[in-house]
Each structure stands twice: as C-alpha cells, then as structure tokens.
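The next block holds one structure in the form of structure tokens; read it before the comments.
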Amino acid sequence: MSNTIQPEALTFECETGNYHTFCPISCVSWLYQKIEDSFFLVIGTKTCGYFLQNAMGVMIFAEPRYAMAELEEGDISAKLNDYNELKRLCLQIKRDRNPSVIVWIGTCTTEIIKMDLEGLAPKLESEIGIPIVVARANGLDYAFTQGEDTVLAAMAARCPKQVLEVEKEAKNGIQKLLSFGRKKEEVAAEKSEYVNHPPLILFGSLPDPVVTQLTLELKKQGIKVSGWLPAKHYTELPVIEEGYYVAGVNPFLSRTATTLMRRRKCKLIGAPFPIGPDGSKAWIEKICSVFGIEPQGLVEREEQIWNNLEDYIQLIRGKSVFFMGDNLLEISLARFLIRCGMTCPEIGIPYMDKRYQKAELEMLEKTCQEMGVRLPKIIEKPDNYNQIQRIYELQPDLVITGMAHANPLEARGINTKWSVEFTFAQIHGFTNARDILELVTRPLRRNNALKDLGWDKLVKEEAKV
C-alpha cells in the first residue's frame, strides 16, 4: 500500500505573539555594501548603536558608510531642534563622504517620540543638494528582513520615469566603445539573443555574483533584465514606466511590490521565489509564461542540480524540521526542504502576506502532495511559549530558530540552526542550493561526528531536559 496523503488545504493561525526576530535596522549591514554610493544614517538610541556595532562586526575607525545619529535627552524632551541637528549631521556627511544619497533609518525611538522624518527630509534635501530617502525600520512594526523592504519601497518611489537625454547619449557612447573593433554581425547577434518582450525589473538585494547568475539564467531563455532594484549605485536606479513588468526575488518584499504596483503602475509577476532548484525553475518558468516564451532546458538543469545534491539529501531524507520564524524566508525554505525528503509539522512566520506569497504557498501545497507528506501548519506571529511546548511534543530532528532560542534548545537536546545565517548566505538560484543544504545539515553532521568520537554526553540522547 502506498502512503498517499489525501489532498487538504493549508491551515493558517495567528497567535499574536511578540516579534521574536532580529532587529530590522540590521538591513543596513548588507544594503550599505550593495549600494556603493550611499550613506545610511540610523536615527536611534545607544541600544541601536550597540546592536549595529555587534551585529555587523565593523570597527568604527574602518569608516564604514553608515553612522548612528544618537538621540539624547534633549531630543526626547524637545529641547533640541530636530531639523538643525539633522542638518548639522548631513552637512558633515556631505563634507566627509559626499554620497549620492543619504538614507535615514527610523527606529523604535523615532516612532515613539513621533519624529516627522518624512516631513523634514524634503526641506533638508533641497537645502543640502543630496537626495534623502526615509525608511522606517523599527522593531515595533517590522520583522527582521522587512527593514530592507521599507528601504526598497522608498527607493522604488525615487526611480526615474524616463531616461534623460544626457544619460542616453552617455550609454550609447559606452556601447559604441565596447563594440569597437567587433564585427557588426557579432553585435547584431548579441542583440538578437533576446526575445522582444516588455521591460522587466527585478527587485531584491542580492550579492553581485547571484545577480549575475539570475540575469544569465533569464538570458538563456531570451529574457533581458532591464534593471535591478537596488542598483549598485543610487545614480543607476532603473527607469520604471507605467506597464513595466516587475518580479521579486525575496518573499519579504511585499511593501516594495505594492509600491511598484500602486504608485508606479507596474505589473507584478506572481512567481515562487528562486530558492532551491525547484523554486528557481518555477520562477523562470513563470516569467517565461508571462512573456509567452517556451522555456528551454530547465527540466534537465533542475535534474542535474538534484543529482549533485544527493550526498546532502541522504543526511536529511525522512527527518523533520520545525521553523520558529524570524526572517520571512520560512515558506520558501520549508518547500525546498520538503522536496529534499524532510517533513515539516509547523512553519512559524512573523508576518504573512498571502497575496504576495500566493504562488509560493501553492507550490508548497503541490510539493507536499507530490512527496506524500502532510501539509505544515502555518502560524503567523507565533507565541514562543506555546511553540516551545509544541517542540517538546513533536521532538523534531532540527529547529530553525532565531539566535535567542538556539542555546536554550540545544541545552535541552534539540538540534538547532540559526535562521539569520540563511539571510546572509547566498541561497538564490540553481547553483546556490548546495549552500542551503550545507547550513541545514551542519548540526546533524556535527552530532554524527561527536557520536563517532564516542562523546555521547554531548549528543542529544544524553541531554537532560
């Protein structure tokens, strides 16, 4: 008899627990490196400063392109003028670093004392002559990765509506220079590699090698990526006109997607996210279907990647994984791990936008049915106390959790993996699927190694709860 599970619907619950996630201002750590001509000014208290220093591990005298505008008692009691203080700091930044854009990051404190950053920015911008983008990344309203979402949503509103004539001439000049000495036929052949389709903009901050990989994967299908949000330089933000197509690469960018659709009148391609070979294939297929292109060689590409992952998959096949919820990548990671042969009883997630993640949820459902496993229960804003009771009952082989709960769970004999590592690792596209499994299997491999050494007391069987 086959153990096929009867088709059922995904169940959603909301426990309205507190956000137990990394602070969203941590988005500065990867965004300041991604946008090379930017300067990030975090407006908050000493606590925010300590967090940034510890979380980023960057020494202040290394002069990174971010800084803290530390609020003092005078700011909170309204004895100091916010505008004058911020003007003084921004002029200092302009003099020392001369960035193309200054990004103000609002924190919990600016939210509580009702600092009108959005009101101050336009006036100060016209006075100092540098664009000022305001993004709220407070931990009261947002989970870990949603800090990036607010920054990109603010930047989406700043994307130019049309290419300036000067820029057109400069681009044409560069293209002529690059094609100098090449035959006309070669240049024409390169242009003809692409199918004629409406412009496509991809949004989401990814490391440069991953950006190149995804761009090339689409190029193989004849699809040209007209631009990325964010670009490497603020001055190179993509032109976005009404009717352009946009696609996201991360599941936590729902606000950016909404801004692009409502304010910039773009058409969103609702696809699963390119995490794991299955997600990458589905993402490319969906973009191809929107443009009426028949995808080429994707089935073979996916099969080849799965064969390369088999050594890691053997370690996790038949094991269970439990997501406590932290970075909003949970649905995509669960879908990929279920495809690898794991079971997942519960997915905790701080915030769930069912419209933006619709395609991903449908793919999760389909994957569970194809693999013959039960659908996970999805819990939004989970209550940690209840969650830990469920972990004790279920005894999963691995818990993917925020840093705060990792050591207490390990002490009780439960294998854990920090969810924050998936945020900072390269996990998108076909070739990076191995990195996901490298992270997931590390605690399991460590325990196997300890068992082989005979150190049983350090392994979960001996742990006293």
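The backbone N, Cα and C atoms fix where each Cβ goes, and this holds for glycine too.
According to Swiss-Prot, the protein carries these features:
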- C23, C48, C108: [4Fe-4S] cluster binding site (BINDING)
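Close to C23 ([4Fe-4S] cluster binding site) in the fold, though at least 6 residues off in sequence, lie C48, F51, A55, G139, F144, G147, each with a CB less than 8 Å from its CB.
According to DSSP, C23 ([4Fe-4S] cluster binding site) sits in a coil region rather than a helix or strand. Taking a C-beta cut-off of under 8 Å and a sequence gap of six or more, C108 ([4Fe-4S] cluster binding site) has these contacts in its own chain: G44, N138, G139, L140.
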